[in-house]
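Asker: According to Swiss-Prot, the protein has these features:
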BINDING   C60, C62, C75, C78  Zn(2+) 1 binding site
BINDING   D449, D451, D453  Mg(2+) binding site
BINDING   C818, C892, C899, C902  Zn(2+) 2 binding site
Amino acid sequence: MIDVNKFESMQIGLASPDKIRSWSYGEVKKPETINYRTLKPERDGLFDERIFGPTKDWECACGKYKRIRYKGIVCDRCGVEVTRSKVRRERMGHIELAAPVTHIWYFKGIPSRMGLVLDMSPRSLEEIIYFASYVVIDPGDTPMEKKQLLTEREYREKREEYGQTFNAKMGAEAIKELLQDVELDKEVAELKEDLKSAQGQKRTRAIRRLDILDAFKESGNDPAWMVMDTIPVIPPDLRPMVQLEGGRFATSDLNDLYRRVINRNNRLKRLLDLNAPSIIVQNEKRMLQEAVDALIDNGRRGRPVTGPGNRPLKSLSHMLKGKQGRFRQNLLGKRVDYSGRSVIDVGPWLKFYQCGVPREMALELFKPFVMRELVKRDMASNIKNARRKIDRQDDDVWDVLEDVIKERPVLLNRAPTLHRLGIQAFEPVLVDGKSIRLHPLVCEAYNADFDGDQMAIHVPLSDEAMAEARMLMLAAHHILAPKDGKPIVTPSQDVVLGNYYLTMEQKGREGEGMIFKDTNEVLMALQNGYVHLHSRIGIATNSFTDKPFTDDQKQKIMVTSVGKAIFNEIMPKDFPYLNEPTQDNIVNGVPDKYFIDKGEDINDYLEDAPLIDPFKKGFLSDIIAQVFKVYKVQRTSDLLDDMKTLGYTQSTNSGLTVGIADITNLKEKPEIVEAAHKKVATVSKQFRRGLITDEERHDRVIQTWNDAKDDIQQKLVDSFDPNNPISMMSDSGARGNISNFTQLAGMRGLMAAPNGGMMEVPVISNFREGLSVMEMFMSTHGARKGMTDTALKTADSGYLTRRLVDVAQDVIVREEDCGTDRGLVVSAIREGNEMIEPLYDRLVGRFTMKDVLDPKSGEVLVKRNTLMDEDTAQMIVDAGVESVTIRSVFTCNTKHGVCQKCYGRNMATGEQVEVGEAVGTVAAQSIGEPGTQLTMRNFHTGGVAGGEDITQGLPRVQEIFEARNPKGEAVITEVTGEITAIDENPAEHTREITVKGETDTRTYSVPYASSVAVAEGDHINRGERLTGGSIDPKQLIKVRDVMATENYLLSEVQKVYRMQGVDIGDKHVEVMVRQMLRKIRVMDPGDTNILPGTLLDIADFKEKNTQAIISGGIPATGRPVLLGITKASLETNSFLSAASFQETTRVLTDASIRGKNDPLIGLKENVIIGKIIPAGTGMATYRHEEPKSVGTVSDSVYSISDIEKQMKAKDGQQGDTDKK
């Protein structure tokens, strides 16, 4: 076998008949498969051992030669070579056809490739191939045309008239002769001449023909090879025949299809030998043609060939296509050994980097390692005994297992894996039971809960794999989400509740006003019952030696609560003391108002001091983000573990729980409901008198009930007892929100109707009172709709992610700096008065392109090519800078990827991105993963005049990325100038808007229904909207330039996501949009060898033009094209990647005609052929590096303790530098 990691590229082409024969090990002459008595393969049949190799290892068919010592001998009795039986998966055979047949892919595809080469219509081709018409091949000296079609009758008449002077035939033979007559060079030259004058349809057709003919010419494929004389037979183990219990056989459909071809071929041979009448021979040839068509692509033409039970047989094409095809089922989605799956359960005692693995599962997963260890320790004499010992589960096996799994990470994966945090590495810990135990804090990244979710576990085997799992994938390192760089491991539920309860304050609790010398004394007082967790007390500030208090504060006493003193124990030693839940406290330390002088009376202070809010979920998240920023990964994961333990302990001790008595009744509810009923009655009366329309009545009724519900909700909130457990749970962010509470204690309100509107009758009861039957029934509509929407949305969102990944999978950070001189000017994105994305968010983690100047003083704030962190970005915003020119993926010059400088910071680590990072895939996952949170519906601006439907949510995202014409398209102006008039045109039901530019004046007619976005006298730039709605980006790219289009697409995507409260980094959207705009359509080839109308990558286009200019020619001109992501995926340079995405047969047909060469640049094509992917440590730059030895080699190179020490040291240095 060839080593896959050695070759550089892979090429596909048409196979000539000689090529097919050279692959073959022999001709299959009979349709037989295996003998029904002996079950041995028949000679010359589809499973013949002489052709395909022996069925048993090192054994010929007749049994004369057995054992490996006869390797390579061909048996003189049965003619079978003695070798391994696995050659039956590699050796091919062939069938010699008695008459040529056409390959259906090249005849039937759209456009028909054969039709283009011969310049004939597919319909006339079909008539010739399936023996309905004759075609004139050589008219001789008759007045007929070449390629003229003749019916049977016309043919006979012409034969009588002209005798044998002309040549006309039917079937694939005729096509083959015509194809052999095609002179490629001459045709190409003629077409190039024609193109100079051709217009319209004629030009399009000429360009298409030229494209195909040029492809044949360049690739060295012969057009006649589209007609086959010989058919390859794939190896028998790839189309197996197996015996089922009960003696019946199950066989692959391909065997049936091959049998039909062989039967018809043999019958045709016999008819030809007998000199049968031509009509019988023709019929047999047609049947042979149809049999071969069915073998290659069943069902492409006519009715598919069916097997038992009218099921269409699966042909060769079907073996490749779709989710169950070879590409997606076996090449991109392999199942792997050393894996298991089980239900997950919570493991609150685990450390952040650990997971619990059931004993039996671990024993099975690590079996080989345990066996080796048993033999090594002389606990078993050989491997066989070791295996027996394991199967018996002897006691000493468990001790060995404990030692084996030390230092060996395992991977846990939860489907659906929506982003890279769906697979993380953990250190296994053996647990009893049969469920995998998961650390509660990683649930958010996996989107896991413990209601029966399952997870898969995998064991990295090689040293490299273990090192990568440990260094790159350990759960404790994944604290930030790749999509927005915010912490993803935030405490939730019990942990939040525990810490909330811990940091609460209450007036007048036991021990209020006591003053302690340090935290230890506080803990002692708590344990002895002198103080309560919620008691407000004083602590001598100077007891906190490492905390950053001011000198003045250190002389005083700090007023805090017992719980907060405990909470601060888990924080890093020199982190500010946290006394109030504000960002100011996190960054700048405790405000002065919480300190009293040493002699001052603390009770007087506490009398007037308001209670400080406890720490809620959002605040805990802010703490984690700050700790991560200052102290880096290791300290943060320690803090998270401590916070988890503290939270669980405190929520257990607090005894917080929910009882039905905690749901209080609202006294004012009956009055509010009564008032609403009266108001609705009034509205109905107005409608009956004809004062208002039905629509207005409906809107007002809905409004009335919504107001009533809001009123009840507000009163509930006002009457909340802060110590009510339900209100504590909702307020802390642990579980539930205000609307849950309203439904429990207030009223449920209006329900959704099946048609998407609202029902006018509200559900007045709440769940505490109980619903009536009618109310219950009304609620079911909404509930059912919610379920179906979610299911549909999940599928849609998953498909969007798949397309995004496919289009961007080859975007990898390839180099440090591309040296571009262009940048992207960014400013805050606004929609009307609403801020969509502030400037700060757009600057963090990006490089500057130009110096940033202070708008007031003009001094340089930030130099060019500087990576902006949070502080720098904040400084720029505070200085009042409106827009900044940054390095952007849009303007990056790197071929096949991006450079470090244009990409900036890696969101998931907070450091500059490394060469080799697969940023395309990360971008696709970051956009696709929140897809399920977007709404499915298109919003309607209800009843507002001139408001058109705005598509939002998931449909809008798909519309943008697929570059479709938007719903509610806006009219844009093509000139810059002033709006001189807006006139009504009642006859056409339109308005005419006139724009006067510098050179010309344009008038645009817009429908009455659309809202006009401009007024007379406005100045307008080209590409701006005249009406409301979304701009069609394909129009924009024509009117403006690529940059404007890229910017528009970026801001549109951000609008959708940010409106739904999902933050995504700009750079992810930039990567996707750049992939949509990476092609150029060549308009005029100049002196290059490009054909007009070709789609080329920008990089290739520049390269060809550079060559043309160097050799003194005229460069080609082209215009940028915006492709939707599906189209862009199929237009990629890699045919393997495109074929495994969609439209497999079309992609392969086209690639083989062009003799395409796949350079194996992206990730997907390398996975398909099993080569190491060129990202991360698989980059060529890293692969060729020799390991350097620095100092002595440590034995425990992968030991966790060592790595933790190194990381702590490194984090310490980082922390120091950050603090300076």
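Heads up, the Cβ atoms here are built off N, Cα and C, so glycines get one too.
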Asker: Which site among D449, D451, D453 has the most other CB atoms no more than 10 Å from its CB, taking these as binding-site residues?
Answerer: D453
Asker: For the C-alpha pair, I'd like the distance in angstrom between C62 (Zn(2+) 1 binding site) and C818 (Zn(2+) 2 binding site), rounded off.
Answerer: 67
Asker: Report, in whole Å, the straight Cα-to-Cα distance of C78 (Zn(2+) 1 binding site) from D451 (Mg(2+) binding site).
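Answerer: So the alpha carbons of D451 (Mg(2+) binding site) and C78 (Zn(2+) 1 binding site) sit roughly 62 Å from each other.
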Asker: Excluding C60, C62, C75, C78, which residues of the same chain place their Cβ within 8 Å of the centroid of the Cβ atoms of the recorded Zn(2+) 1 site?
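Answerer: Residues close to the Zn(2+) 1 site, other than C60, C62, C75, C78: A61, G63, K64, Y65, D76, R77, G79, V80.
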Asker: Looking at the binding-site residues C75, C78, D449, whose Cα is closest in space to that of C902 (Zn(2+) 2 binding site)?
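Answerer: For C902 (Zn(2+) 2 binding site), the spatially nearest of the binding-site residues is D449.
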Asker: Restricting the comparison to the binding-site residues C818, C892, C899, which residue's C-alpha is spatially nearest the C-alpha of D449 (Mg(2+) binding site)?
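Answerer: Going through C818, C892, C899 one by one, the closest to D449 (Mg(2+) binding site) is C899.
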Asker: Between the Cα atoms of D453 (Mg(2+) binding site) and C78 (Zn(2+) 1 binding site), find the distance and write it as a whole number of Å.
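Answerer: Distance (Cα to Cα, whole Å): 57 Å.
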Asker: Between C-alpha atoms, which of these binding-site residues comes nearest to C60 (Zn(2+) 1 binding site): C818, C892, C899?
Answerer: C899
Asker: Provide, as an integer number of angstrom, the distance between the C-alpha atoms of C899 (Zn(2+) 2 binding site) and C78 (Zn(2+) 1 binding site).
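Answerer: It is 63 Å, counting Cα to Cα.
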Asker: By a simple count, how many Cβ atoms lie within 10 Å of the Cβ of C899 (Zn(2+) 2 binding site), its own Cβ left out?
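Answerer: A 10 Å sphere around the Cβ of C899 (Zn(2+) 2 binding site) contains 21 other Cβ atoms.
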Asker: For C60, C818, C892, listed as binding-site residues, tell me which one has the smallest number of other Cβ atoms within 10 Å.
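Answerer: Looking at the binding-site residues C60, C818, C892, the Cβ with the fewest others within 10 Å is that of C818.
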Asker: Would you please pick out, from the binding-site residues C62, C75, C78, C902, the one with the fewest other Cβ atoms within 10 Å of its Cβ?
Answerer: C62
Asker: For the C-alpha pair, I'd like the distance in angstrom between C75 (Zn(2+) 1 binding site) and C818 (Zn(2+) 2 binding site), rounded off.
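Answerer: Answer for this pair: 64 Å between alpha carbons.
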Asker: Could you state the CA-to-CA distance between C78 (Zn(2+) 1 binding site) and C818 (Zn(2+) 2 binding site) to the nearest Å?
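Answerer: Between the alpha carbons of C78 (Zn(2+) 1 binding site) and C818 (Zn(2+) 2 binding site) there are 65 Å.
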Asker: Quick one: which residues besides C818, C892, C899, C902 have a Cβ within 8 Å of the Zn(2+) 2 site's Cβ centroid, in sequence order?
Answerer: E815, D817, T820, R887, V889, T891, N893, T894, V898, Q900, K901, Y903
Asker: Per DSSP, to which secondary structure element type does C902 (Zn(2+) 2 binding site) belong, with helix, strand and coil as the options?
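Answerer: Where C902 (Zn(2+) 2 binding site) sits, the three-state DSSP reduction gives helix.
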